[in-house]
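Working notes, structure below.
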């Protein structure tokens with residue numbers, strides 16, 4: 001930002017802009033895929049999938065709630081003339097782009113202070129999936145604006161689900177095909193290590209390009225390709241290729257993150273801002289905090305309906321999740337895209353508001369995260385929340401859940417019963433994965449520990465105090 005400001009007041013602004021400009025297409029095509037892919041490939045799968053139901057709920061349902069609430073509050077604020085008035089569809093576009101969270105700062109502090117692994121998994125998993133959901137929502141809202149005849153709420157939901165599920169299926173399909181390729185191609189011999197590593201690196205981009213080429217979301221596709229690759233493909237690689245690809249993706253992701261923040265800071269200082277609607281910026285910050293609260297606390301309430309009393313998500317965790325909703329590069333890139341998508345200065349207003357939100361949340365919320373964690377007393381291990389996963393480490397989720405639920409069946413509502421049935425079905429998928437999917441898509445060494453090898457650079461992502469902390473179903 002300092003360098004951009006100096007270039008802005010000097011005579012070098014125009015020449016500097018030619019080679020240093022934040023281009024959203026460059027960001028989405030080259031910088032974001034490594035940032036999304038690396039965590040899905042190298043974060044430990046056990047805590048991620050132990051919390052997968054909660055992560056999906058927060059990332060999909062929660063992001064949708066936050067987007068709609070933000071859009072409606074901005075629209076209502078315009079109707080009562082407390083902020084600059086925008087059309088409803090443009091308010092929904094703003095709600096979608098600003099619902100993308102980027103808690104890089106929060107996660108690094110979580111890691112440094114030794115926050116509970118399951119809280120880390122919730123924040124991490126929600127943020128990774130949340131970016132993909134926000135992109136799909138923004139594109140859906142933008143297509144509604146382009147084709148006004150389709151402004152039907154249920155059609156919006158249908159289009160979003162079509163885009164998201166199609167992208168997810170595309171990514172999973174490419175990942176499974178790739179797993180069989182590496183299982184049967186015998187590329188692990190010494191003179192083929194380079195080819196093996198090359199194919200492993202290039203296939204995620206094939207998934208990304210395939211999804212974008214057929215009108216789906218490449219980010220969603222590459223995310224699920226990475227998850228499938230981690231679960232089935234990685235164990236089919238030779239040990240040398242495993243070490244190389246782990247370090248390579250770590251390096252690529254770190255470089256991409258550094259470039260993103262350099263680009264973003266420079267462009268914030270050099271991009272033309274619209275400060276004529278300060279009220280819009282001020283109330284937007286309040287609205288996103290309210291929307292984040294509606295997201296986290298409503299989803300946590302629904303999830304806790306399906307959990308026995310001693311396994312529910314504590315209030316402290318919910319407050320930490322609410323506080324960790326920083327906005328970052330994804331919201332900035334989509335806001336920059338809105339400058340081109342929206343007319344009459346509306347895009348500039350949205351961009352300025354988003355820029356202010358990004359700077360304030362990163363500096364203020366990110367800077368006070370350590371104090372917040374200490375105040376909430378969530379630093380260190382939390383046996384209260386670990387108990388669920390330790391008790392179910394042998395895959396006995398069905399019996400365990402059945403025992404708790406039968407006792408209260410007479411007083412349970414139909415909603416609770418449905419939620420419990422959904423949660424009980426996760427153990428069925430675990431058995432399907434263990435008995436069929438893993439033998440089909442992995443070689444003999446595929447039954448080893450799912451976690452990244454000790455020599456992987458992902459060691460620094462691990463927050464647990466001991467191996468028992470990661471025993472999930």
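Every residue gets a Cβ built from N, Cα and C, even glycine.
Unlike curated entries, TrEMBL annotations are predicted automatically.
What TrEMBL says about this protein:
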- 25-374: domain 'Cation/H+ exchanger transmembrane' (DOMAIN)
- 26-45: transmembrane segment (TRANSMEM)
- 51-84: transmembrane segment (TRANSMEM)
- 153-177: transmembrane segment (TRANSMEM)
- 205-228: transmembrane segment (TRANSMEM)
- 248-266: transmembrane segment (TRANSMEM)
- 278-300: transmembrane segment (TRANSMEM)
- 320-337: transmembrane segment (TRANSMEM)
- 349-367: transmembrane segment (TRANSMEM)
- 390-417: region 'Disordered' (REGION)
- 442-473: region 'Disordered' (REGION)
Region pair the transmembrane segment (248-266) / the transmembrane segment (26-45), three or more CB pairs under 8 Å: yes
Feature contact check the transmembrane segment (26-45) with the transmembrane segment (349-367), CB under 8 Å, 3 or more pairs: no
Cβ contacts under 8 Å made by the transmembrane segment (205-228) with residues that lie 6+ beyond its boundaries: 28, 32-33, 36-41, 45, 128-129, 131-133, 135-136, 139, 163-164, 166-168, 170-172, 174-176, 178-179
